[in-house]
């Protein structure tokens with residue numbers, strides 16, 4: 001039998017396996033670490049690794065080997081001491097790992113529990129000796145500062161490695177999640193994983209939101225609801241149709257229909273709308289709001305044919321935007337020759353502004369010069385943006401002084417690397433007083449159109465205000481033109497006026513006039529005295545004529561119409577209960593909805609109709625804004641999400657924000673307006689800005705730059721981590 005002993009009588013006895021010297025290795029095993037060995041104390045021959053040697057000599061159970069029968073207690077104590085000393089030497093010989101820094105005020109001290117290992121930080125500062133040994137002061141013990149700092153660091157690493165927007169820290173659900181975890185002890189809890197988040201929890205949250213939205217759906221019977229729709233294509237070019245239900249309580253996302261492989265004609269679109277109407281309840285629907293495309297108009301007429309009490313209403317925002325395009329960018333055609341001749345100078349001014357903007361943005365040194373002179377950004381707006389030309393010119397007017405300072409500076413003339421001829425043209429334009437006078441004039445006479453566009457570009461009820469707003473807009477535009485380079489008798493005013501009237505005639509529906517008729521404010525003495533040309537709605541021929549059309553569609557029975565007309569007469573002429581002093585006085589003081597609730601009981605049919613119409617929107621802007629939400633969730637980086645899962649995510653995301661905004665906490669505290677991105681304010685005026693836009697505003701405005709969101713460390717202007 002061959003021995004594997006060395007000169008000392010033992011083979012390969014390392015410093016960490018001291019018990020090998022109490023046995024004799026007889027034969028080496030074929031594989032692994034097993035050997036045949038003989039115990040020097042009891043002479044028993046066994047086979048196994050060092051762990052069995054230790055179990056045999058120390059009489060440890062559960063190792064599959066019998067204990068030594070001849071070993072004494074003193075021998076066992078000495079051998080146990082040898083084992084303990086060896087394990088300590090092995091532990092101390094390992095390289096010491098350093099933890100990642102925590103956010104502790106004492107930045108020189110490592111966390112008690114290392115991020116990557118148990119080894120403490122090395123520090124030669126004698127003042128940190130106690131903390132290095134793990135001894136905490138009374139203040140740290142009371143507030144558990146080490147654990148707080150370690151948790152802060154882990155949360156921060158989540159943001160940094162995931163590229164998350166810092167604005168998420170203001171999300172109330174983020175705050176509530178960690179508060180719940182610290183207030184309740186959940187042994188062994190692990191956060192939900194990848195599959196759980198995208199499957200079970202998503203469906204569970206969707207079902208939860210549907211329950212929370214039930215009261216809103218129930219109110220549709222009394223308050224009415226509008227179905228808004230708009231089309232879009234996702235990152236994989238799949239055509240989608242957005243469906244949102246809007247009422248006095250706000251817009252509610254219903255679905256996004258994947259129309260891939262379908263021919264989107266009037267039949268197809270009308271069927272989609274009719275299916276949604278049936279799901280909502282046709283008796284609850286007041287109107288269907290879409291853009292002004294011919295196919296949408298044709299589909300709307302098919303819906304009206306099936307349900308006469310439901311009106312198709314073109315989006316007023318799209319109508320105003322088309323009017324602005326006709327004025328600011330007229331087409332040169334035979335049919336439009338007169339408008340082109342009178343308005344082409346506006347397009348020339350806009351082109352000059354674009355030339356200046358592109359020259360600065362496309363040359364790094366010129367852009368650097370501009371940034372040195374201006375705190376505002378140079379806007380780069382897509383043509384599809386509402387009122388894009390007006391927004392660009394408004395920004396140019398704001399940065400006029402900055403542009404002038406830039407081109408008269410020595411740096412502008414010294415730098416010769418760019419196109420010198422074009423740089424000279426840009427300088428000439430910026431210093432040209434006539435260029436700025438034309439911009440001022442354009443902004444002056446288009447200001448009423450732009451202001452109305454902003455007012456209707458909301459989800460707030462304004463159907464009953466559109467008729468009056470349109471009349472006021474045309475009058476203000478007339479005054480602005482007469483104060484400028486043209487008189488109200490000029491050909492230019494006639495062209496602009498005709499463009500606006502033509503657009504109104506195309507978008508005006510009987511529903512606008514009926515809602516206008518039911519607004520008690522337009523019968524008040526205060527409103528009628530504001531302008532000598534104002535008439536109460538029942539004396540306006542156009543309003544009365546359109547009101548009759550609506551009543552005929554709502555009430556096909558002649559006796560029902562007679563009863564409703566009697567109620568209209570009492571309301572319009574302030575007869576019977578409507579002649580009450582409070583009812584007369586409150587017409588100009590209370591909101592229309594509240595007035596009808598308080599004073600409309602004597603005309604129940606009219607009261608019910610008024611409460612439905614006075615709570616409806618006049619645009620489909622909510623659908624436009626929801627595409628920003630959709631592209632935020634279903635982006636180029638997340639293009640493998642199925643359309644159905646993307647729809648579920650948008651449903652949860654959109655409607656959670658709707659519910660959150662109803663909470664009083666939404667407008668106060670650290671979570672104020674939490675769903676408005678805050679990492680970079682001025683980016684909200686740039687192309688593609690504001691991933692999640694403010695609920696009642698889709699037009700980018702410079703005033704938004706004054707909305708600062710502060711944190712412990714101040715405002716951070718870094719937008720690179722927005723995803």
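If you go along the chain as it appears here, the first residue is 1 and each next one adds 1.
For all residues, glycine too, the Cβ spot is worked out from N, Cα and C.
Curation does not apply to TrEMBL; its annotations are automatic.
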Q | Range annotated as region 'Disordered' - as stated in TrEMBL, picked from 87-135, 136-184 | A | 87-135
Q: Give, as a single whole number between 0 and 100, the mean pLDDT over the domain 'DUF659' (192-356).
A: 90
Q) Per DSSP, how many helix, strand and coil residues does the domain 'HAT C-terminal dimerisation' (576-656) have? A) 58 helix, 0 strand, 23 coil
